Amino acid sequence: TSINGGANIITALGTIIKDSAFGHKQWRVREQILQWVVTCTKKITDFSLRPWVPYMVKLLEDPHEHVRETAKDTIISLFSGAASHAKSDLKRELQEQSIRLGIVDYILTKVYSNQTATNEEHHDNHTDAGTELDEDDYVNGEGNDDNPKSADSFARPNSSTGSEIGVLYVDSAKELEREFQNILTPFQGKESEQNWLIRERNINRLRGLVRGEAYVNFKETFINGLKLTMDGILKSLNSLRTTLTLASAGLIKDLAVHLGPAIDPFADNILANLIKMVLSTKKIVARAASVSANALLQHVSYHNRLVTQLWNAMDDNNKQLREYAIGFVKTVIKSHENKKDVMERSGAAEMLEKCVRKGLTDANPKVRETCREVFWAFYEIWIERGERILKNIEPAVKKQLERDKPKTINLTSPVQPPTPTTSSRGRTRSTRPPSIATSDSGMSDNYPVRVESASKEDHSRLSAKTPTPKLRAKSPAPHKMTRSKSDASKSLKSPLLLPNKSTSPNATTVPKPQPRKLTVIEQLEHSEWTTRIEGILSVAQLVVKRTLEPPSGKPGAHDFKKALLPPDDDLSPHLVNILNDSNNKVLETFLEPNVFVEVAKVVKLEILLPKVLLLASDETRPEQAAIVQNFLPRIKSELGSEKSLVALNKCLLILGGSGTAPRKLAAVFGFTPPQKRKVINGILNWFNEIIEPKVDEADQNDGKVKGFLGDQEKYKLLANRLIPMVTMTKEKSENFKPLSDLLINLHKINADIFEEVLYTFDNKAIDAIGEIIGWEDELKEAESEVLEEERQKILEEQERQREKEEKQLQEIEYEKELQRQHEIEIEKQRERELALQRKLEQELQLKIKREQERELQEQRERELQEQRERELQEQRERELQEQRERELQEQRERELQEQRELQDQRERELHEQERMLREREMEREREFQMKRERELQEKREYEIRMKRERELQEQLDYERERELMEQREYERTRKPSPLHRVQSLSLLQS
């Protein structure tokens, strides 16, 4: 029941409670006073919480962990359903007391969250600053490279530097307008030494508003504010200061991811500036601009102007620009494949085809290599265009394309299946279903739900390859499980571990009454160590039986009919408790590799391994630690590298190696901070033992690694776990050296993906990793920039000091001059006392008059100052109005431009029709001309033929005449008569 009038009592005792209880030296008192405040809030109807808020907020930085956690929970429970003004007071109090940003983000996220308990449970596996993909998806190989993930899809720690990025929440549209006005002010004018750092802070503040879902709650206000600040954002993006440019690129990426199509009006201008920044000689800036451009192209709506910019970039002479541009083309193809019809109508498909053609024959090998992947993405959407490209390219290029063809694509003309090779370690590997070896080592037995959810087709394929499961996948010569269950169970028994029951002479002759058979849990909790060993072996045998699952009635099944394995959740605590057993033989039996592997199918490895690693380094139990250290190498060998990588990755998540550990999982251990450090040290060393051979494998295979580290998504997940630990681990810590070695090895395996993940973090993490890995060129460049800035600051400081000294000298001279005048006046006063008296009176009157004039002058100055402020405010309002008018004018111009484009398109169509008509007329004229030519040709041929006939006739006539003359000559020579000669002569004459 509520206590009426209790507030009066609390008011009377409030000062005493605030002074004594909240600052008490016993932490338990400080914890209980928080619970007392919660009770008063519930029981007393008129209890005022506001006076107690500063004291509760102060306990968030209490030295004791329990007090800090209680203060968090108390504030969250009291303010979750509070009014907006109360939440604003809480935010202001958190800022005034300079509470760490990680704690502030955690509290505000919980206070402003409206999600149900189910959603909160789902998000327990996420860190404070962002979200992560479900780890089981990576474990079971369900990550998909075809859908690009945003940079924010991985967890990001909050730094403590001035450029840190937090989550900002606003409660009203007016508050959001004030935020935008404060953000906009430093962007007026040119960038200088005085305002660039303020601009960077405001950029990060705007990122906090985006992450705080201000756009979702106040959409119109946010878009209007974004219009006003867009020019400043683009100015910062083109800044010569690297940190400001990186912050602006991160803001653009956040805007694209969170706002999506809402930033379509700015997309064209933003992309042009990002393409410009890709040309930067600073590798960090170019990569950040590339990440932001990919996020922009992925999340905004499709428009033809964006594709036009990409074609212009592909046609540029700069090879670095072409390297990034072909990646942008792939992002457009993958992200907007559902806009195929729109692309074809607008001509974008042709431009993309031109980009692919140019990329396949580019002079830069990196562009050609990346373009081969882009081609197959293009081919999946436009098969006919892809076939046309294949027909027109050179055989060598076609051969390279076919070698890189994904297995999921079938060509129209079949080709030989390519052997998967890669020429670059940074190249994206195609996603394919895991092989048998991959599935055995990459999937944990603790996740049956994922295995059951596999498709029937994959299941049938796997079952066809492996008709029976293997008990020990890592043995040198594994045998198929064709033996009976009883044989498999007997193989787990060790004669050295169980007491010899056949030593008694009466053991085989005297029958004894059979006692009640103990359950597995009773065996594990039994007081006799031999019975506990039998319980451990029984669990291992039953797990083998459960794995084999022979049908009833088969030989060997009768040994397990009465033995039932309890549920894993009930059995796990008892098995984990075996690690605390006082008997060394029980511990040795538990740590036998073949037994441990079977137990790991009941107890999750991420729960079991931290306990084992802690016991291995426990100085209070040296004998047990020695046993664990003896068995640990064999356990590592039995588990295998792939299964160990998955389990160790989950251990880091549960232990909270980065971000905030999920409480429901972390509560299973209850480790103290020193214990937690020891466990993490063991995990890091284990990671190094696994990953160091992978470095040599990557060097031998040209950057290609199989298994867990070969999967890009799993690699990114591991990198996201480890990178934040650098900022939370001191250099003197025992974990710093193994963590540094692990990060160096990860960078050696796949430097491109490692740096891609690294650049999603803040500058503090990037600098820390850079010092570990040793980026000499970039560090020298950054150092030179810092030295140049320091030199400029020193010169400016010297200039200010010189001006200050000159001013001091002038003041000293002025004081000396006054002193001399004063001495002269004193001398005159001594000589003329009466005149001095009158002069003093005059000076007094003059002083009063001056005071009055000074007061009037100050009043006038205040009035002028107020007038200037009013004019400045009016000027700002006019500028805002002019800005809005310019935007409206630009919008009208864009609409007119679109209308002109439509008109131009219609004119082009008319010109095309006229051209076709002219071509048809010319074709008809050509046909008529050809017909006339044929007729003339026939006429000429006829005349030639007639001429030849006449010539032949004349030739025949001539031949006949000659024959006749010869005949006559012959007759004349035989018997010529006078008359005959006369006739012949006359004939000849004729």
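Every residue gets a Cβ built from N, Cα and C, even glycine.
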Of 857-894, 895-932, which range does TrEMBL call region 'Disordered'?
895-932
The DSSP breakdown of the compositional bias 'Basic and acidic residues' (964-974) into helix, strand and coil residues is 11 helix, 0 strand, 0 coil
Go ahead and report the DSSP secondary structure tallies for the region 'Disordered' (895-932): helix first, then strand, then coil.
38 helix, 0 strand, 0 coil
Mind looking up the mean pLDDT for the domain 'TOG' (171-414) in the predicted model?
89
